[in-house]
Amino acid sequence: MVTMYYDKDADLSFLQGKTVAVVGYGSQGHAQAQNLRESGVKVIIGLRPGKSWKQAEEDGFEVVNVDEAAQRADVIQILLPDERQAQVYQDSIAPYLRAGQVLLFSHGFNIHFGQIVPPADVDVAMVAPKSPGHLVRRVYTEGGGVPGLVAVHQDATGNAKNIALAYAKGIGCTRAGVIETSFREETETDLFGEQAVLCGGVSELVKAGFETLVNAGYEPEIAYFECLHELKLIVDLMYEGGLSRMRYSISDTAEYGDYMSGPRVVTDATKAEMAKILKEIQQGQFAKNWIIENQANRPVFNAIRQSERNHPIEEVGARLREMMSWIKK
Ligand code: NDP
Ligand code: MG
Ligand code: MG
(Lines of atoms letter the chains of each structure in order from A and count residues from 1; the text may use other names and numbers.)
(Lines give C-alpha, C1' and ligand atoms only; values in the text may rest on other atoms or scores of the structure.)
(Ligands and ions follow the chains in the order given, each with its own letter.)
Protein backbone atom coordinates (compact mmCIF):
# COMPACT_ATOMS: atom_id res chain seq x y z
CA MET A 1 0.00 0.00 0.00
CA VAL A 2 1.11 3.52 -0.70
CA THR A 3 1.74 6.00 2.09
CA MET A 4 -0.51 9.06 2.00
CA TYR A 5 0.04 12.35 3.81
CA TYR A 6 -2.55 14.94 4.73
CA ASP A 7 -2.59 18.40 6.35
CA LYS A 8 -2.11 16.90 9.81
CA ASP A 9 1.11 15.17 8.69
CA ALA A 10 2.70 18.34 7.32
CA ASP A 11 4.12 21.23 9.32
CA LEU A 12 4.52 24.63 7.64
CA SER A 13 6.97 25.71 10.35
CA PHE A 14 9.67 23.82 8.41
CA LEU A 15 9.49 26.72 5.95
CA GLN A 16 9.25 29.44 8.58
CA GLY A 17 11.99 32.06 8.39
CA LYS A 18 13.09 30.56 5.08
CA THR A 19 13.05 32.01 1.59
CA VAL A 20 11.68 29.87 -1.22
CA ALA A 21 12.81 30.68 -4.76
CA VAL A 22 10.38 29.50 -7.40
CA VAL A 23 12.47 29.33 -10.58
CA GLY A 24 10.15 29.66 -13.60
CA TYR A 25 6.74 31.29 -13.63
CA GLY A 26 4.77 29.27 -16.17
CA SER A 27 1.95 26.80 -15.63
CA GLN A 28 3.28 25.36 -12.36
CA GLY A 29 5.41 28.32 -11.25
CA HIS A 30 2.63 30.92 -11.12
CA ALA A 31 0.33 28.56 -9.25
CA GLN A 32 2.79 27.19 -6.72
CA ALA A 33 4.29 30.62 -5.98
CA GLN A 34 0.94 32.29 -5.33
CA ASN A 35 -0.41 29.44 -3.23
CA LEU A 36 2.76 29.38 -1.11
CA ARG A 37 2.64 33.13 -0.57
CA GLU A 38 -0.96 32.92 0.60
CA SER A 39 0.07 30.14 2.99
CA GLY A 40 2.45 32.62 4.63
CA VAL A 41 5.71 31.51 3.00
CA LYS A 42 8.29 34.06 1.79
CA VAL A 43 8.63 33.57 -1.97
CA ILE A 44 10.89 35.17 -4.57
CA ILE A 45 10.83 34.35 -8.28
CA GLY A 46 13.90 33.45 -10.36
CA LEU A 47 13.65 34.15 -14.11
CA ARG A 48 15.27 35.54 -17.23
CA PRO A 49 13.92 38.87 -18.56
CA GLY A 50 10.78 38.27 -20.63
CA LYS A 51 7.07 37.56 -20.58
CA SER A 52 6.99 35.59 -17.34
CA TRP A 53 9.09 38.21 -15.54
CA LYS A 54 6.49 40.89 -16.28
CA GLN A 55 3.65 38.62 -15.19
CA ALA A 56 5.31 37.71 -11.90
CA GLU A 57 5.90 41.40 -11.14
CA GLU A 58 2.29 42.22 -11.99
CA ASP A 59 1.29 39.51 -9.52
CA GLY A 60 3.28 41.37 -6.86
CA PHE A 61 6.37 39.20 -6.58
CA GLU A 62 9.97 40.23 -6.23
CA VAL A 63 11.62 38.87 -9.38
CA VAL A 64 15.37 38.42 -9.74
CA ASN A 65 17.61 36.53 -12.14
CA VAL A 66 18.15 32.85 -11.43
CA ASP A 67 21.70 33.38 -10.12
CA GLU A 68 20.49 35.80 -7.47
CA ALA A 69 17.49 33.62 -6.57
CA ALA A 70 19.79 30.64 -6.03
CA GLN A 71 22.02 32.68 -3.72
CA ARG A 72 19.22 34.15 -1.64
CA ALA A 73 16.99 31.11 -1.26
CA ASP A 74 16.99 28.32 1.29
CA VAL A 75 14.65 26.25 -0.85
CA ILE A 76 14.83 26.30 -4.65
CA GLN A 77 11.88 24.86 -6.59
CA ILE A 78 12.88 24.35 -10.24
CA LEU A 79 9.83 24.88 -12.46
CA LEU A 80 11.49 25.40 -15.83
CA PRO A 81 10.70 23.28 -18.89
CA ASP A 82 12.34 19.90 -18.25
CA GLU A 83 14.60 20.14 -21.30
CA ARG A 84 16.02 23.49 -20.09
CA GLN A 85 16.61 22.60 -16.48
CA ALA A 86 20.07 21.04 -16.79
CA GLN A 87 21.59 24.05 -18.54
CA VAL A 88 20.07 26.64 -16.18
CA TYR A 89 21.07 24.52 -13.20
CA GLN A 90 24.66 24.27 -14.41
CA ASP A 91 25.01 27.98 -15.27
CA SER A 92 22.96 29.72 -12.59
CA ILE A 93 22.24 27.43 -9.65
CA ALA A 94 25.08 24.94 -9.13
CA PRO A 95 27.81 27.60 -8.72
CA TYR A 96 26.07 29.03 -5.64
CA LEU A 97 24.74 25.94 -3.87
CA ARG A 98 25.67 25.71 -0.20
CA ALA A 99 25.29 22.93 2.34
CA GLY A 100 21.79 22.55 3.73
CA GLN A 101 19.95 24.16 0.83
CA VAL A 102 16.98 22.29 -0.57
CA LEU A 103 16.41 21.60 -4.27
CA LEU A 104 12.86 20.75 -5.26
CA PHE A 105 11.35 19.52 -8.52
CA SER A 106 7.84 18.80 -9.79
CA HIS A 107 9.02 16.09 -12.18
CA GLY A 108 11.89 13.66 -11.75
CA PHE A 109 13.32 13.51 -15.29
CA ASN A 110 16.55 15.47 -14.77
CA ILE A 111 17.48 13.89 -11.46
CA HIS A 112 16.49 10.35 -12.38
CA PHE A 113 18.30 10.40 -15.71
CA GLY A 114 21.39 12.07 -14.26
CA GLN A 115 21.14 15.39 -16.14
CA ILE A 116 21.33 17.25 -12.83
CA VAL A 117 23.65 15.81 -10.19
CA PRO A 118 23.48 17.98 -7.06
CA PRO A 119 26.28 17.93 -4.47
CA ALA A 120 25.81 15.51 -1.56
CA ASP A 121 25.30 18.23 1.03
CA VAL A 122 21.99 19.57 -0.32
CA ASP A 123 18.55 18.01 0.02
CA VAL A 124 16.84 16.90 -3.18
CA ALA A 125 13.12 16.22 -3.14
CA MET A 126 10.02 16.30 -5.31
CA VAL A 127 6.65 17.93 -4.78
CA ALA A 128 4.54 17.25 -7.84
CA PRO A 129 0.91 18.34 -8.06
CA LYS A 130 -1.00 15.80 -10.16
CA SER A 131 -2.70 18.52 -12.16
CA PRO A 132 -2.03 21.39 -14.54
CA GLY A 133 -1.00 24.68 -12.95
CA HIS A 134 -4.23 26.58 -13.51
CA LEU A 135 -6.11 23.93 -11.52
CA VAL A 136 -3.46 23.96 -8.75
CA ARG A 137 -4.22 27.64 -8.38
CA ARG A 138 -8.00 27.60 -8.80
CA VAL A 139 -8.71 24.73 -6.43
CA TYR A 140 -6.49 26.35 -3.78
CA THR A 141 -8.36 29.68 -3.99
CA GLU A 142 -11.61 27.73 -3.52
CA GLY A 143 -10.26 26.30 -0.25
CA GLY A 144 -9.23 22.89 -1.56
CA GLY A 145 -6.14 21.40 -3.07
CA VAL A 146 -5.17 19.00 -5.84
CA PRO A 147 -3.55 15.64 -4.98
CA GLY A 148 0.21 15.46 -5.28
CA LEU A 149 3.29 13.29 -5.01
CA VAL A 150 6.31 13.65 -2.73
CA ALA A 151 9.63 11.90 -3.03
CA VAL A 152 13.04 12.30 -1.46
CA HIS A 153 16.08 11.64 -3.62
CA GLN A 154 18.74 12.87 -1.21
CA ASP A 155 18.37 13.75 2.45
CA ALA A 156 21.41 15.71 3.59
CA THR A 157 19.80 17.64 6.44
CA GLY A 158 17.62 14.88 7.85
CA ASN A 159 14.63 17.14 7.16
CA ALA A 160 14.14 16.68 3.42
CA LYS A 161 10.80 14.94 3.78
CA ASN A 162 9.48 17.42 6.34
CA ILE A 163 10.40 20.31 4.08
CA ALA A 164 8.83 18.65 1.04
CA LEU A 165 5.64 17.99 3.03
CA ALA A 166 5.59 21.58 4.30
CA TYR A 167 5.91 22.78 0.70
CA ALA A 168 3.13 20.40 -0.38
CA LYS A 169 0.96 21.88 2.38
CA GLY A 170 1.84 25.40 1.28
CA ILE A 171 0.58 24.78 -2.25
CA GLY A 172 -2.56 23.03 -0.96
CA CYS A 173 -1.77 19.44 -1.95
CA THR A 174 -2.01 17.94 1.55
CA ARG A 175 -5.62 19.20 1.72
CA ALA A 176 -6.42 16.50 -0.84
CA GLY A 177 -3.66 14.03 -0.01
CA VAL A 178 -0.10 13.46 -1.09
CA ILE A 179 1.28 10.05 -2.10
CA GLU A 180 4.84 9.07 -1.30
CA THR A 181 6.79 7.87 -4.33
CA SER A 182 10.35 7.82 -5.69
CA PHE A 183 11.96 9.88 -8.45
CA ARG A 184 12.25 6.68 -10.46
CA GLU A 185 8.62 5.66 -10.10
CA GLU A 186 7.27 9.15 -10.83
CA THR A 187 9.51 9.67 -13.87
CA GLU A 188 9.00 6.29 -15.49
CA THR A 189 5.24 6.11 -14.93
CA ASP A 190 4.74 9.71 -16.08
CA LEU A 191 6.62 9.08 -19.33
CA PHE A 192 4.86 5.78 -19.91
CA GLY A 193 1.40 7.20 -19.26
CA GLU A 194 1.80 10.11 -21.63
CA GLN A 195 3.39 8.00 -24.37
CA ALA A 196 1.32 4.82 -24.31
CA VAL A 197 -2.06 6.12 -23.19
CA LEU A 198 -2.77 9.80 -22.61
CA CYS A 199 -1.02 11.52 -25.50
CA GLY A 200 0.53 9.01 -27.90
CA GLY A 201 -2.02 6.24 -27.52
CA VAL A 202 -5.08 8.47 -27.66
CA SER A 203 -3.86 10.64 -30.57
CA GLU A 204 -3.12 7.63 -32.75
CA LEU A 205 -6.40 5.95 -31.82
CA VAL A 206 -8.38 9.06 -32.75
CA LYS A 207 -6.56 9.48 -36.07
CA ALA A 208 -6.87 5.79 -36.96
CA GLY A 209 -10.62 5.83 -36.32
CA PHE A 210 -11.05 9.04 -38.32
CA GLU A 211 -8.99 7.72 -41.24
CA THR A 212 -10.88 4.42 -41.30
CA LEU A 213 -14.22 6.20 -41.65
CA VAL A 214 -13.03 8.77 -44.18
CA ASN A 215 -11.29 6.13 -46.32
CA ALA A 216 -14.55 4.18 -46.35
CA GLY A 217 -16.30 7.20 -47.86
CA TYR A 218 -17.94 8.79 -44.83
CA GLU A 219 -17.94 12.57 -44.43
CA PRO A 220 -14.92 13.91 -42.49
CA GLU A 221 -17.23 16.13 -40.43
CA ILE A 222 -19.18 13.11 -39.21
CA ALA A 223 -15.97 11.17 -38.59
CA TYR A 224 -14.62 14.10 -36.55
CA PHE A 225 -17.63 14.09 -34.23
CA GLU A 226 -17.60 10.32 -33.74
CA CYS A 227 -13.86 9.86 -33.20
CA LEU A 228 -12.65 13.09 -31.57
CA HIS A 229 -15.36 15.43 -30.34
CA GLU A 230 -17.29 12.83 -28.34
CA LEU A 231 -14.13 11.63 -26.62
CA LYS A 232 -14.50 14.43 -24.07
CA LEU A 233 -17.91 13.21 -22.93
CA ILE A 234 -16.54 9.70 -22.44
CA VAL A 235 -13.42 10.85 -20.61
CA ASP A 236 -15.44 13.13 -18.32
CA LEU A 237 -17.53 10.14 -17.26
CA MET A 238 -14.42 8.02 -16.62
CA TYR A 239 -12.91 10.88 -14.61
CA GLU A 240 -16.02 11.15 -12.45
CA GLY A 241 -16.59 7.46 -11.77
CA GLY A 242 -14.21 5.19 -13.59
CA LEU A 243 -15.02 2.81 -16.42
CA SER A 244 -18.19 1.64 -14.62
CA ARG A 245 -19.69 5.12 -14.54
CA MET A 246 -18.92 5.56 -18.24
CA ARG A 247 -20.50 2.21 -19.09
CA TYR A 248 -23.51 2.97 -16.92
CA SER A 249 -24.11 6.16 -18.85
CA ILE A 250 -23.68 4.92 -22.42
CA SER A 251 -26.30 2.75 -24.17
CA ASP A 252 -26.22 -1.03 -23.77
CA THR A 253 -25.49 -1.25 -27.47
CA ALA A 254 -22.40 0.91 -26.98
CA GLU A 255 -21.41 -1.13 -23.93
CA TYR A 256 -21.75 -4.45 -25.81
CA GLY A 257 -19.69 -3.06 -28.69
CA ASP A 258 -17.11 -1.85 -26.17
CA TYR A 259 -16.65 -5.41 -24.83
CA MET A 260 -16.67 -7.08 -28.24
CA SER A 261 -14.45 -4.71 -30.23
CA GLY A 262 -12.17 -2.95 -27.72
CA PRO A 263 -9.90 -6.00 -27.26
CA ARG A 264 -9.65 -6.33 -31.07
CA VAL A 265 -8.23 -2.79 -31.26
CA VAL A 266 -5.89 -3.00 -28.29
CA THR A 267 -4.49 -6.48 -28.92
CA ASP A 268 -1.75 -8.61 -27.43
CA ALA A 269 0.55 -7.04 -30.03
CA THR A 270 -0.36 -3.58 -28.67
CA LYS A 271 0.36 -4.73 -25.13
CA ALA A 272 3.68 -6.24 -26.18
CA GLU A 273 4.59 -2.90 -27.76
CA MET A 274 3.60 -1.10 -24.54
CA ALA A 275 5.95 -3.35 -22.61
CA LYS A 276 8.72 -2.48 -25.08
CA ILE A 277 8.03 1.23 -24.69
CA LEU A 278 8.23 0.85 -20.92
CA LYS A 279 11.52 -1.00 -21.19
CA GLU A 280 12.99 1.77 -23.35
CA ILE A 281 11.91 4.32 -20.76
CA GLN A 282 13.39 2.26 -17.90
CA GLN A 283 16.67 1.73 -19.72
CA GLY A 284 17.05 5.43 -20.47
CA GLN A 285 16.76 5.01 -24.23
CA PHE A 286 13.84 7.41 -24.56
CA ALA A 287 15.55 10.00 -22.33
CA LYS A 288 18.74 9.75 -24.34
CA ASN A 289 16.93 10.24 -27.65
CA TRP A 290 15.03 13.26 -26.31
CA ILE A 291 18.16 14.85 -24.84
CA ILE A 292 20.10 14.40 -28.11
CA GLU A 293 17.09 15.66 -30.09
CA ASN A 294 17.15 18.86 -28.04
CA GLN A 295 20.89 19.28 -28.45
CA ALA A 296 20.37 19.05 -32.22
CA ASN A 297 17.62 21.73 -32.08
CA ARG A 298 14.80 19.22 -32.50
CA PRO A 299 14.88 18.27 -36.21
CA VAL A 300 12.67 15.19 -35.81
CA PHE A 301 10.32 16.83 -33.33
CA ASN A 302 9.80 19.88 -35.54
CA ALA A 303 9.23 17.86 -38.71
CA ILE A 304 6.63 15.59 -37.12
CA ARG A 305 4.95 18.48 -35.32
CA GLN A 306 4.53 20.24 -38.67
CA SER A 307 3.06 17.24 -40.48
CA GLU A 308 0.73 16.44 -37.57
CA ARG A 309 -0.62 19.99 -37.68
CA ASN A 310 -1.54 19.40 -41.33
CA HIS A 311 -3.49 16.19 -40.72
CA PRO A 312 -7.00 16.34 -42.26
CA ILE A 313 -8.61 15.89 -38.84
CA GLU A 314 -7.05 19.19 -37.76
CA GLU A 315 -8.39 21.01 -40.79
CA VAL A 316 -11.95 19.73 -40.45
CA GLY A 317 -11.82 20.17 -36.68
CA ALA A 318 -10.84 23.84 -36.92
CA ARG A 319 -13.83 24.50 -39.18
CA LEU A 320 -16.29 22.61 -37.00
CA ARG A 321 -15.15 24.24 -33.79
CA GLU A 322 -16.02 27.61 -35.34
CA MET A 323 -19.63 26.46 -34.95
CA MET A 324 -19.18 25.78 -31.24
CA SER A 325 -19.60 29.13 -29.55
CA TRP A 326 -18.96 27.65 -26.09
CA ILE A 327 -15.44 26.49 -26.89
CA LYS A 328 -12.78 29.00 -25.87
CA LYS A 329 -10.47 30.05 -28.70
P1 NDP B 1 6.17 26.19 -18.45
O2 NDP B 1 6.70 25.91 -19.81
O3 NDP B 1 4.71 26.51 -18.28
O4 NDP B 1 6.97 27.41 -17.80
C5 NDP B 1 8.34 27.50 -17.86
C6 NDP B 1 8.83 28.76 -17.19
O7 NDP B 1 10.26 28.72 -17.23
C8 NDP B 1 8.40 30.05 -17.84
O9 NDP B 1 8.09 30.99 -16.83
C10 NDP B 1 9.62 30.48 -18.62
O11 NDP B 1 9.75 31.89 -18.71
C12 NDP B 1 10.72 29.96 -17.72
N13 NDP B 1 11.99 29.73 -18.43
C14 NDP B 1 12.20 29.03 -19.57
N15 NDP B 1 13.50 29.01 -19.88
C16 NDP B 1 14.13 29.73 -18.93
C17 NDP B 1 15.48 30.09 -18.71
N18 NDP B 1 16.44 29.69 -19.55
N19 NDP B 1 15.77 30.84 -17.62
C20 NDP B 1 14.81 31.25 -16.80
N21 NDP B 1 13.51 30.95 -16.95
C22 NDP B 1 13.17 30.20 -18.01
O23 NDP B 1 6.58 24.95 -17.52
P24 NDP B 1 5.62 24.01 -16.63
O25 NDP B 1 5.09 24.80 -15.50
O26 NDP B 1 4.68 23.26 -17.52
O27 NDP B 1 6.67 22.92 -16.10
C28 NDP B 1 7.54 23.16 -15.03
C29 NDP B 1 7.85 21.84 -14.33
O30 NDP B 1 6.65 21.34 -13.76
C31 NDP B 1 8.38 20.75 -15.25
O32 NDP B 1 9.32 20.00 -14.52
C33 NDP B 1 7.15 19.91 -15.54
O34 NDP B 1 7.44 18.58 -15.86
C35 NDP B 1 6.45 19.99 -14.18
N36 NDP B 1 5.01 19.71 -14.20
C37 NDP B 1 4.20 20.40 -15.07
C38 NDP B 1 2.84 20.20 -15.05
C39 NDP B 1 1.94 21.02 -15.91
O40 NDP B 1 0.73 20.88 -15.76
N41 NDP B 1 2.39 21.88 -16.79
C42 NDP B 1 2.22 19.19 -14.16
C43 NDP B 1 3.15 18.61 -13.21
C44 NDP B 1 4.50 18.85 -13.28
P45 NDP B 1 9.73 32.73 -20.10
O46 NDP B 1 8.42 33.46 -20.12
O47 NDP B 1 10.89 33.66 -19.95
O48 NDP B 1 9.89 31.74 -21.22
MG1 MG C 1 4.92 14.38 -18.26
MG1 MG D 1 -22.37 7.23 -31.05
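Each residue, glycine too, has its Cβ placed from N, Cα and C.
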Handout entry: From Gly108, Gly114, Gly133, the one annotated by TrEMBL with Tyr25, Gly26, Ser27, Gln28, Arg48, Ser52 for NADP(+)
Key = Gly133
Practice task
Express the distance between the Cα positions of Gly133 (NADP(+) binding site) and His107 (active site) as a whole number of Å.
Solution key: 13
Problem - Cβ-Cβ neighbours of Ser251 (substrate binding site) (radius 10 Å) - result: 9
Practice task
Using C-alpha positions only, work out which of the recorded positions His107, Glu194, Glu226, Glu230 is nearest to Arg48 (NADP(+) binding site).
Solution key: His107
Exercise for the section: For Glu230 (Mg(2+) 2 binding site), just count the other CB atoms lying within 10 A of its CB, please. Expected result: 11
Fill in the blank from the handout: So Asp190 (Mg(2+) 2 binding site), by the Cβ count within 10 Å over all chains shown, scores 18
Exercise for the section: Out of Arg48, His107, give me whichever of these recorded positions has the highest number of other Cβ atoms within 10 Å. Expected result: His107
Exercise for the section: For the binding-site residues Gly26, Gly133, work out the Cβ neighbour count at 10 Å and name the residue with the minimum. Expected result: Gly26
